[in-house]
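Taken from TrEMBL as is:
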- 25-66: region 'Disordered' (REGION)
- 289-323: repeat 'PPR' (REPEAT)
- 325-359: repeat 'PPR' (REPEAT)
- 360-394: repeat 'PPR' (REPEAT)
- 395-429: repeat 'PPR' (REPEAT)
- 430-464: repeat 'PPR' (REPEAT)
- 465-499: repeat 'PPR' (REPEAT)
- 500-534: repeat 'PPR' (REPEAT)
- 606-640: repeat 'PPR' (REPEAT)
- 641-675: repeat 'PPR' (REPEAT)
- 676-706: repeat 'PPR' (REPEAT)
- 707-741: repeat 'PPR' (REPEAT)
- 742-776: repeat 'PPR' (REPEAT)
- 832-854: transmembrane segment (TRANSMEM)
Amino acid sequence: GARLLPTGPELGLLPLWLSPPQLKGFKPRPHAAAAGDPPPSSHVVRRRGSSAEAHGSSTRGKPELDALHTVARGARPRHETLPLRMRFRPPIPLRLLLPQLWRRPSLPPAHLPRPISSYPSAAAVAAATDSEEDAVVARDPRLAPHFVGGAGGSPRFGENKTEFERKASIAARFKLCYELLRQRRWREMRGGLAQIVSEQGSGSAATLCDILWSEFREYDSSGVVWDALANSYARTKMVHDALYVLSKMNSLNMQISVSTYDSLLYGLRKTDVALELFDEMEAYGISHSEYSHSILIDGLCKQNKVGEALSFLQEAREGGTFRPLGMSFNTLMSALCNWGFIQPAKSFLCLMLKYGLNPNRYTYSTLIHGLCKVGSLDEAVDLLERVTKEGMKLETVTYNSLINGYRLLGLTREIPKIIQFMRYQGIEPDLVTYTILIAGHCEGGDVEEGMKIRKDILDKGLQLNIVTYSVLLNALFKKGLVYEVENLLGEIYSIGLDMDVIAYSILIHGYCKLGEIERALEVCDAMCCSQKVVPTSLNHLSILLGLCKKGLLVEARWYLENVASRYQPGDVILYNVVIDGYAKVGDIGNAVRLYDQIVVAGMNPTIITCNSLLYGYCKFGDLHAAESYFRAIEISNLVPTTVTYTTFMDALSEAGKVDTMLSFFYEMVEKGIKPNAVTYSVVIKGLCKQLRFRDAIHFLDNMDGADPITYNTLIQGFCEAQDIQMAFCIHDRMLCCGLVPTPVTYNLLINVLCLKGKVFQAEMLLESLREKGIELRKFAYTTVIKAQCAKGMPYDAISLVGKLIDDGFEASIEDFSAAINRLCKRKFPKEAVMFIPIMLSVGVFPDMQVYFVLARALRKSNMLCYIPILHALSVKTGI
């Protein structure tokens, strides 16, 4: 197909891809074997029981690697999964890495035979819902269980016999079950039926029922065998077959046991059929067991129907049919605690005691978990201590709930006390405990302590899981510790842990945040090749945001159209990112073309898409086109937002069309669109530019929720008008409103004082802010230093430079050059030379321009004795 990217000569860069002749003789750099690396044959370590092993190759298909990928990474068999060797950088640059992700046609799905029988399931006759098993099989026939024999499995029992002989064999086994029943060997009889059901598999109920009816209907105890057969189907989760047997029993007026109904209720507890089956029991006059209510309540709670579960319990109590069981109360308490309803959950504890039931460990663990979830840690600790004093030994999961509650409240320092109490009770912390502790330290910014706990865990012989490593990776990325991330990835690889989608997402997002786009693309590449996980929309979003942030819009467009759209087709959010990238650099042409591409593809642009395009028109300076597009948004099905109006109003303000801007503001308010602080800042800035300060203050008075940025905008307007008094009045008003001035606020005030020649007042303001510990920026110091030098106050400037360095700011060559130039102009060359030793002490070396300015100033002032010293310094510094 046509290439979307121009070649190197057009961009002034290297070619984007290499032709086959260019690849001849190209050898990849071999990776150095790290200490502890496994041999090449063990690069990919899979967990036992993983879906890839149990179910065969994925239907997604592994992307095929192109010639460039093969040459750059080393040839591999097509079926081999590439390992995630994250410790080493790929030997190919970004522009060579991108095309390989595109040339990956998906493999066709493997056509495997359906290993279950081709005749319809008995569910079509007996029930109108699918069981969990049949629902999974319907999604992927290869996931159907391979039974030993019978209608549902392969090879079939007696596969080489005729159908008559096969049925005769089954009938003989049924006859044995009847004989065991006659001898009252109930357990062996049920075991024999369970074996038959397991061998015949799903969908065999019709066949077995036909055999029972045709061969054994004259037997006196026939109903017991039918009931046991239905129970066997229910216990093996073949609920459709169980329902079929029950329907046949009902038609034959056979008695169904409560145990069979309970087993079937348990299999159907997550569906609406369970309630119908419960009502059917009552209709046939079958008394419910003590487990029937508990099973149904558990099912309703698992469906998040807590209200229906409570209503069912109340009706059962009023009807006198409720048989109290601790399991029912525990289930309801757990559901209520998960929803945060702790008081109703505590009331069920009292109800349990009223019925004479003793709360168990699960009861108290549930309550402690609920109390921690709502932040009532003191009450949770009191309950824990009271229960342990009564001699009940709680499990580790209970203590983990309490520890997690402290983590959520940021009270990580209290966690060691809980762990100590655990050990006092004879309970050792598990991996979940340590993971919560690590997460608490990392969320508090103490990544070093989290890494230390990890080392302690490994020293104890425990192995971390990918969840714990994901917590550490996320914290390291937030701190920008890329080297430690690489080391941790090497550790993950060396122990053979499989990366999950969360771990991959953390890596991609973290690398993109730090500007390491090549590394993020490498992770995405490994994710595509893993066959276990595929990149999500958020992963593609992170990569596109990273590319656009670095100004790589050509690459972002290419990635969007050739990679992201293959995995997330029709995702307009991804297109919005690239359109916004074009708009921010004023490339409205490409932004509009990409917008047209969205419409042609049948996707619906959002208001965010339109806001980006509107910003692009404004950035390009075409206000007429921007206003036309704004009106086009209004007549479309999209509703303009606060961002839409604010974007266009800011462009009008910059163009000096303040009256037009105000008309849009009032139009916005009339339409019920609430302006935010940014909107008011835009209006105030426009009014200040035209010196309409009275109107600006009026807007400030009438707005709700003014933030420091709004006040800074007004202060800046007064500072530009050099109205110092009003600037400080707005600052004082800001303090009265309970807002904290930002460093920008003080930069503006110090700058206007210096511009007005009030250097002493600027010095006093700066010194008072330093004494109060208020955060300042380097600009405040350098502004005063330059003003002092311009006013001929060299020693004050030298003193302030020392304070700047002491406060942790890094002085640059530009800062020293500005001071030296001003002192030389004011004929203070001797004092200007005093800045040279200060520069050298902080590792800043004077350049040729500094020496030239100093030498000329010294000659003009007839201070020739300093020239040799200056010359010696220039030779020493290599100028």
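Any Cβ shown, glycine's included, is placed from N, Cα and C.
Note: TrEMBL annotation is automatic and uncurated.
Secondary structure counts, DSSP: the repeat 'PPR' (465-499) has 28 helix, 0 strand, 7 coil. Long-range contacts of the repeat 'PPR' (606-640) within its own chain (CB-CB distance under 8 A, at least 6 residues past either end) are made by residues 572, 575-576, 579-580, 582-588, 591-592, 595, 598, 647-648, 650-652, 655, 657, 673. According to DSSP, the secondary structure content of the repeat 'PPR' (289-323) in residues is 25 helix, 0 strand, 10 coil.
Applying DSSP to the repeat 'PPR' (641-675) sorts its residues as follows: 26 helix, 0 strand, 9 coil.
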